[in-house]
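J.: Pulled these from TrEMBL:
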DOMAIN    A:26-344  domain 'Aminotransferase class I/classII large'
MOD_RES   A:Lys211  N6-(pyridoxal phosphate)lysine
Protein chains: 2
Amino acid sequence: MGLNENIRNNIRQVEPYIPGEQPQNKVIKLNTNENPYAPAPGVEQALQSMDLDRLRLYPDPTAELLTQSLADRYKVDKDQVFVGVGSDDVLSMCFLTFFNSDKPILFPDITYSFYKVWADLYRIPYECQKLDADFHICKEDYYKENGGVIFPNPNAPTAIYENLDFVEDIIRHNQDVIVIVDEAYIDFAGKSALELISKYDNLIVVQTFSKSRSMAGMRIGYAISNPTLIKYLNDVKYSFNSYTMNQTSLVCGAEAVKDETYFKETVNKIVETREWAKEQFKELGFEYPESQANFIFVTHPKLDAKQLFTALKKANIYVRYWGSERIEQYLRVTIGTKEEMETFFSFLRQYIAEHGGR
Amino acid sequence: MGLNENIRNNIRQVEPYIPGEQPQNKVIKLNTNENPYAPAPGVEQALQSMDLDRLRLYPDPTAELLTQSLADRYKVDKDQVFVGVGSDDVLSMCFLTFFNSDKPILFPDITYSFYKVWADLYRIPYECQKLDADFHICKEDYYKENGGVIFPNPNAPTAIYENLDFVEDIIRHNQDVIVIVDEAYIDFAGKSALELISKYDNLIVVQTFSKSRSMAGMRIGYAISNPTLIKYLNDVKYSFNSYTMNQTSLVCGAEAVKDETYFKETVNKIVETREWAKEQFKELGFEYPESQANFIFVTHPKLDAKQLFTALKKANIYVRYWGSERIEQYLRVTIGTKEEMETFFSFLRQYIAEHGGR
């Protein structure tokens, strides 16, 4: 349609993020870091016993049911918890609320691709800091003047986890700005930065229900920080949309948090499968940074990543491939069930037998 | 907590919108324009037969199940439909996407209070146009140069509906900018501006599941326009959060749209109760602009609105009161069930008997 020029000039132009494919047919889906196990059984029960009449009313704008259950689980006060429609919503609200300086915010060059997108969307200046040759964050790069810092730990798509001393060094060197530690994958890794919340006023930790809690389909994320920063976040959220969390998310989210046994059991299964998968990859000649997430970032000295990606897709096995600078030869493989991974490795063995080298 | 000055200087300061109260105890709730009837029966069934395993996966980012059902219902193509987390999310995305001019956007002085909040949040210049003495929009006020136009029809909290010729005049005089008609209450009123979509490239119509479809708790809103404008909206949405609609919203929303019989039945019941309520108000000496929504905006020449509001609240009957300029003496009363309204009017009769005048 030939759009009026004035209208077109006043439209916000963005480079939209392209999410991993969500195939509708039966495939082995190792491309978007979802959990291969269903949510906790209590979630199903919660859905089935939902009071339908409650749906005609607006949900509780403070989402207390959910913030309280997270507060109990993480031993903080409920006014230290902010919830949103997935951690994307939470992170985006953080960008909008806290990154209003003229100085650039800092984040790694290879990292979650949404950071750049939100910075562009909100016109926040930013400067990417190069990971080293082994894909590690160089903490000293974050010691210069800046408008804020954000990085995931473990980082994505590298899967590398940095220990808490490393994380604390970055926070301590940046007490003049907000530091966001994006812990989407922390439950598959090591210590969370949550224990630093009481020590540093400038720290926000963001986590999600989409990975370790098997609920990507429910869209629940949260930030934990001190009550002052959480209040600022809520002020912006209320000015944006007072009722972001629908009634089913509140009820199912609270239910999921309660079942610690199921949570540990499924996380452990994924970690076990990951460790086994690492051995399999190694045997087949793949290389990867040490993974502590629910995915492995692999490359093979003799196989072209793009060709392998395409061959896998043809065989109905989806993994993630970007083809962007420095990671053209890498694939990100989500840890599925043991059975899915066995099928995946059978394919790889066959593929390598047929396509020995690049 | 004594927040670091630099951090504080870089925090976005907003005047948060204060939503109507969501009381937890048993009250007659006539304060947030919810539907007194439960969602369509199919919605309950959809929730109960949800595939729990589906929740571990990200929802379809294109929300096709829902956009297709809306497209079928409104006889447009699915690429003419944009869905969001309530119409607040949809409207806010429209502001962010389309209102990027240096010229002020225009909306009524008495209207949905979020317009001002989004404009402030996104730093969009705006200019409010005064409703006339009878609370009608003066369409000529919208014929001057501007950066965009938005108004609700019916308007809130006045409940006044303007006919389609009136709406078309505003659209026709503004073909250089985007005009958003916010039709949250249209199903209780008259003709929708949807039929003008094919005639004007600059028109976006926004509707919601929160009122006529009894699903405020599910957070579903939508915009219908031409495919070009919908694509721009989707680009911004994807850059913000690719997966905003959770799986339950997609399934329940699609189910609700299918049940036209239930929809008409409940809408008709509310309209009947509204017409009866108007008579009751009149008999008690209340005055109100002609309502074509699911609420009535009332004033009484001899009763102080704030005092009445407080007395109602004490009696566990919640209505909405703002106390802001020009509407200090008005209350907005949502249409509940006939039984709820009878209790409400019994209270009013008693109150008037005791407090004859201001």
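For all residues, glycine too, the Cβ spot is worked out from N, Cα and C.
Keep in mind that TrEMBL annotations are predicted by a computer and have not been checked by a curator.
Quick one: how deep are these features, and who are their neighbours?
T.: A mean pLDDT of 96 is what the model gives for the domain 'Aminotransferase class I/classII large' (A:26-344).
According to its DSSP assignment, A:Lys211 (N6-(pyridoxal phosphate)lysine) is coil. Counting only same-chain residues six or more apart in sequence, the Cβ atoms lying under 8 angstroms from the Cβ of A:Lys211 (N6-(pyridoxal phosphate)lysine) belong to A:Asn33, A:Glu34, A:Asn35, A:Ala184, A:Tyr185, A:Asp187, A:Phe188, A:Asn294.
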